[in-house]
Amino acid sequence: MKFLVLVAFLGVAVAFPISDEDDDKIVGGYSCARSAAPYQVSLNSGYHFCGGSLISSQWVLSAAHCYKSSIQVKLGEYNLAAQDGSEQTISSSKVIRHSGYNANTLNNDIMLIKLSKAATLNSYVNTVPLPTSCVTAGTTCLISGWGNTLSSGSLYPDVLQCLNAPVLSSSQCSSAYPGRITSNMICIGYLNGGKDSCQGDSGGPVVCNGQLQGFVSWGIGCAQKGYPGVYTKVCNYVSWIKTTMSSN
């Protein structure tokens, strides 16, 4: 799940939910088109607990705070409550967290999952390219997931939800979370609130101009004014990703 905490307050978990009239999807998003995010996966342990991104036929990228030693990866998933024949379920053979992951600060919140067999790629299951450069502030990106659709209360969707949101500047990000943003994090969303990723979206993709630039990591609450979502900055990890994949 997305960490809805200010992770450096002496280890105390705090979240400040608010009401919002526009809470309908992700929070404030919409139901994705069926093949809008063929790279989106659902991480399962008897239930959906996090998202992830298929970056090769046998590797998935997600958040380290989603770690479990054994994971069932569902690909081609769209409606969690129904099957349309496009789904593939493949168990993990390896789950590799970044060695520098810090559970308190959520720095280096990244992990790789090796599938026990290669996925069959098609229009519903496909890979997303890694970034060739870091994304610039102001770029609109696509966020997707099956996380909570309410900033106050809980309403989890069956159908994959999408949200278009802008990348914020590093100064906007640091101002929202003073002293807590590292160079491995980016903020994406709306400072006025109302639209955001939420619990259950963790590890799920942020795709900008066709490249995987981030995935859901943490924040204070969901869709709260002044507190945009914080995402792992994938462009900083391309070398780590490629090295880890080639050596495993």
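In case you wondered, yes, glycine gets a Cβ from its N, Cα and C as well.
Note: Swiss-Prot links Cys173 through a disulfide bond to Cys187 (candidates: Cys162, Cys187). Each of Cys134, Cys141, Cys162 is a candidate, yet Swiss-Prot gives the disulfide link of Cys32 to Cys162. Non-local contacts of Cys235 (disulfide bond) by the CB criterion (under 8 A, 6+ apart in sequence, same chain) comprise Pro131, Ser133, Cys134, Val135, Gln213. It is Cys173, among the disulfide-bonded residues Cys50, Cys66, Cys173, Cys187, Cys198, whose Cβ has the fewest other Cβ atoms within 10 Å in the structure shown.
The disulfide-bonded residues examined here are Cys32, Cys134, Cys141, Cys208, Cys222; by Cβ neighbour count within 10 Å, the least packed of them is Cys134.
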